[in-house]
């Protein structure tokens, strides 16, 4: 305090004497003393300020630590604010659009099954994306198309047993034409609304890569269709062999259609159905049921895929008895092909035997799963899905047995193939109802 008073007096004195030229040398001598006084005062005040700022420094450190902890939440909130949630009506619109896409795929599967059962799949002997959209119109065009068909093995084989007329050819041609045009319609039904929704900004960030996957699957499905037909247009190893498409390519074509249908339907359910709130008191039980639901869904899918091998080899016409196969539980020609592994995919007896056992195992698995769900406190909608799954399993088994005993009539066989897709739909619904819910 005394130092500050001395400085004040010195400055006051300097103001009065600075006007005098005789005092300027004296002022020059006093300046170093004044600077030293300022330095001493500043040092003392500086140290006192440091002692006073020590508690403030600890407070700042604590505030900084808390801000670092809050920073991720702030960033997340800022991100959510920068990407506003889409309106509910846009999600409903996308959900119904995906339901429509899954329905179109369902129709393609049904129409493809009827095309195979009527032996119409090899009537169009080439594949052109746009030219195929225009069928023959004049009599000359029909005759030219029929002459092209006559050059391939199916006509040669069929004509040996029953002469094919132009009207017969028109029927099988229109069946295959309808199937191909329906496939193109599936692509249009998906691509045009997808472009519109993307332009409007209704598609979420998570859905965009899935739309790319759906687009690739639709294109791949069209490629597999022609790749399958091409295998039936080749010369057979023996002249007595029935011209048919490769069962491997048929299973790939049908399996990719089932996969595309499953993806469409599962995504649509996520947009249309509100999530179930499962009770935390039975968490382990729900986790177990969730895993079993995916197992049931995979079992249904594999059983349907084995049916494609039955269709490709006409294995449904081998043993038309049930539950035994020609009065035997295990037929004698089960492993008649060499090497042994070929029997699983190329021996009609083994293929039918596998499909039978897979179907029976699927029904048993669904019954066991339903029994476990019966003991769980499921929400009403999930319980309804489980009941539908059980009922459809018995309907599908009845259709399969009837198709076998009646020597595969077209209407029953087509209904049985459609039933497999309905059963898969219920399995997807159950799995969606039991999926992991965010807390």
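The chain as shown is numbered from 1 upward.
Including glycine, each Cβ sits where the backbone N, Cα and C put it.
Curation plays no part in TrEMBL annotations; they are all automatic predictions.
Just so it is clear, the model here is predicted, and its values are computed rather than measured.
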Write down the single range among 73-93, 94-114, 115-135 that appears in TrEMBL as transmembrane segment.
94-114
Please find, within the list 154-172, 211-229, 230-248, the residue stretch that TrEMBL describes as transmembrane segment.
211-229
Residues flagged as transmembrane segment in TrEMBL, choosing from 30-49, 50-69, 250-269, 270-289:
250-269
Would the transmembrane segment (296-319) and the transmembrane segment (414-431) count as touching if the test is at least 3 Cβ pairs under 8 Å, pairs 6 or more apart?
yes
Below 8 Å between Cβ atoms, which of the listed ranges 94-114, 181-199, 250-269, 414-431 makes the most pairs with the transmembrane segment (211-229)?
250-269
